[in-house]
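Take a look at the structure below.
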Amino acid sequence: MNIVVLFGGTSPEREISLKSGENIAATLRARGHQVETLDTAVPNFVEQLMQLKPDCVFPALHGADGEDGKIQGLLSILHIPYVGSDVRASVITMDKYLTKLVALQSGIPTPSFIYVYDPHLVPDYWDVERKLGSPFIVKPCDVGSTIGLSLVRSASEYEVALEEAFRFSDRLLLEEFIDGFEVTVGLFRLGGDFLVLPPIYVVKPDRIFDYDTKYKPGGAKHVYDLPISVEARERLTSYSKRICKIVGIGGVARLDYIVKDETPYLLEINSIPGMTAESLVPDEVRHAGRDFGEFLEDLIKDAL
């Protein structure tokens, strides 16, 4: 099969996208597929894509222009089959505010929050503390990999956190900090149903699962022995399937939760999760006893 892997792009997550794309391409080539990689940052990438005439496109793009529905819209216009979620699901999951609204409407717990939609209308620190408690989280509304995220404990830290977050987006989420443990759930669509991969308890050296912890060697441990009850684990599965069905997730997705007192709180949905050799979803696939190459082929079959 002739497959084009789209990677790179211009978002702050470019480095991870390149690694994800190379891992996907190498794995599919090893299984006998004809695979080309194409960086969407090059000016004429659409022309190059059309010249390649792929049977299927495998987007490995993270962040803006990759997970926000734009590339999905382009591929739909060009009538090229592609792996993953459609425009609607991509738009919703890329926007942390919209994701939270869907979660609340679906009966899925999520940390309390304040939506900042205008840089000139930012609430006072003390108002935020009264509503969300201290510490609280400041993060861009539409950037992944915890880029621009800060844990705020004081008014002075709040100013610094706002400046950092506004570097990446003009819309922010101020979010309640729940001091629990982080769990990530991978799932993928196959034959009209969602199959849930083994959840991972992310053991991190600090209170925040930040960029360095996610992607640098030795940053975090992946533990499959979750310190929760069977009932709480079932809620993780139920919540994940429910919201992915409502949103319309396609291909594979990763959902991040914080768990406290047996209650999972949804943080975000990643419609194009990292696919590097060290990423969470490939690890979950291996732990489930599946071959990663076969898994990628299943995603392609679902797209065709």
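Glycine too: its Cβ is placed from the backbone N, Cα and C atoms.
Per Swiss-Prot, these features apply:
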BINDING   129-184  ATP binding site
BINDING   Asp256, Glu268  Mg(2+) 1 binding site
BINDING   Glu268, Asn270  Mg(2+) 2 binding site
DOMAIN    100-301  domain 'ATP-grasp'
Quiz item: Which number gives the other C-beta atoms within 10 angstroms of the C-beta of Glu268 (Mg(2+) 1 binding site), all protein chains shown included?
Solution: 20
Exercise. Sort the binding-site residues Glu129, Val143, Arg171 by C-alpha distance from Glu268 (Mg(2+) 1 binding site) and give me just the closest.
Key: Val143
Self-check item: Protein Cβ atoms within 10 Å of Phe136 (ATP binding site), excluding its own
Solution: 24
Exercise. Using the structure shown, find which entry in Val143, Ile178 (the binding-site residues) has the sparsest Cβ neighbourhood within 10 Å.
Key: Ile178
Quiz item: Between Asp256 (Mg(2+) 1 binding site) and Arg171 (ATP binding site), what is the CA-CA distance rounded to a whole number of Å?
Solution: 21
Self-check item: Average model confidence [pLDDT] within the domain 'ATP-grasp' (100-301)
Solution: 91
Practice problem: In whole Å, note down how far the CA of Asn270 (Mg(2+) 2 binding site) lies from the CA of Ile178 (ATP binding site). | Solution: 20
Self-check item: Whole-number Å value for how far Val143 (ATP binding site) lies from Asn270 (Mg(2+) 2 binding site) (Cα to Cα)
Solution: 11
Self-check item: Among Glu157, Asp256, the one of these binding-site residues whose Cβ has the fewest neighbouring Cβ atoms within 10 Å
Solution: Glu157
Exercise. Would you pick out, from the binding-site residues Glu129, Glu164, the residue whose Cβ has the largest number of other Cβ atoms within 10 Å?
Key: Glu129
Quiz prompt | Reduced DSSP assignment, Val143 (ATP binding site) | solution = coil
Exercise. Would you count the other CB atoms within 10 A of the CB of Asn270 (Mg(2+) 2 binding site), including those on all shown protein chains?
Key: 21
